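TrEMBL lists 427-492 with the feature domain 'HTH luxR-type'. Positions annotated as transmembrane segment by TrEMBL: 20-42, 48-68, 80-99, 105-127, 162-179, 200-225, 237-258, 265-284, 290-311, 331-348, 354-373.
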């Protein structure tokens, strides 16, 4: 039944690439369940917070355990993904009936949280499988889906918005299965070059720094009591919609103009948002509380989506497996939001001044930025060592495989082919009067390299590379990458 449904949807969504935006539906499930009125009404804030904490804790434990699951090189199966979506939907809809029964409420939240961990990791695995350019486009664009879903849940009547909220995990799982259908079947992730034990402490250190940021966003989001901002108690989801819109624009600009996708790049944008949010929270008043809430939501969404983009690149370089990276970091982000929201709620109940906690969190966030840069440098060193070891291993395997005359001849032919390609691209670059940087980009294009690959290799921004590509197309009088490859192949045939 599910297979037939996927086949029918495939023809429609395949042309739009809308399927890769399903992460937005998963994000919408989180925020629409506990911060909109589809499942919990305005007067049921305590039940909503209790359910949220139970779900976050259960999901974080499950996510962390996913990092140590067997067969991590094999992506999660379609049955597991579809089952997780339906379990989450059933638990979410049942929460509406269990509001007055705390034990049942917590139990349903725990089951739904455990099931959600499957989808969080599965989406991370997908972004590691798909083309890097597709991943970098889809990850920030998924926030558009979140905004659309959240607006629908907010403006539709209560019962209907509750049904839509419950269906969001099913939508996320179906879109994920559609994406898997278009990727290579029987896919297996490459064996990491470094053992997990050698990168585990480094990942935990980076995750701990990330936790400080999520504690701050959780604290600000919950410490603003109802009526203290321009968002009415039943309109808090509008703050998350505004935050997601800002985060989407920031993410698109950041990805386009960064020369390196790493943690220091991520948090040099996120930490200022968090610091301004905390400062606005200290100032208080309707205006500043509203600004603090929107800025905190923007920072939360910015971190939510962009760490998927960064970890897909880390996994592609063979440092670790998706279950390890996405499991650990998503778990820590959720624990951080749980801790921050817990203390924020306690301060609201006790009517305590927030100046001290906010100043403490500002200091912690400021200290975190240089720590991120230092840890990123250490991660880069591990990456370089892994690349060297990979090269040594490949050379050793090549020497072993070249024991026969046929293998030696094959290696010589391959080396000649590479030399011929470099000669052809250099010749065409001179003929079409390409600049030195354009010639470098032209060489990568001729070898079929992607824009993210060129960004890492040349250490220039994506927008700069795309500008060079436009100039190359104009000078070579071609209109697409395929025409450029045809031009190179034609020149190779002429030389032969």
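Using N, Cα and C of the backbone, Cβ positions are placed for all residues, glycine too.
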Top partner of the transmembrane segment (265-284) among 80-99, 162-179, 237-258, 354-373 - counted as Cβ pairs under 8 Å: 354-373
Cβ pairs under 8 Å between the transmembrane segment (237-258) and the transmembrane segment (20-42), at least three: yes
Intrachain residues whose Cβ lies under 8 Å of the transmembrane segment (48-68), provided they are six or more past its termini: 34-35, 39-40, 95, 102, 105-106, 108-114, 116-118, 120-121, 222, 323-324, 326-328, 330-332, 334-335, 337-338, 341-342, 345
Helix-strand-coil residue split for the domain 'HTH luxR-type' (427-492), DSSP-based: 51 helix, 0 strand, 15 coil
The transmembrane segment (162-179) versus listed stretches 20-42, 290-311, 331-348, 354-373: most Cβ pairs under 8 Å: 20-42
Confidence summary for the domain 'HTH luxR-type' (427-492), mean pLDDT rounded: 86
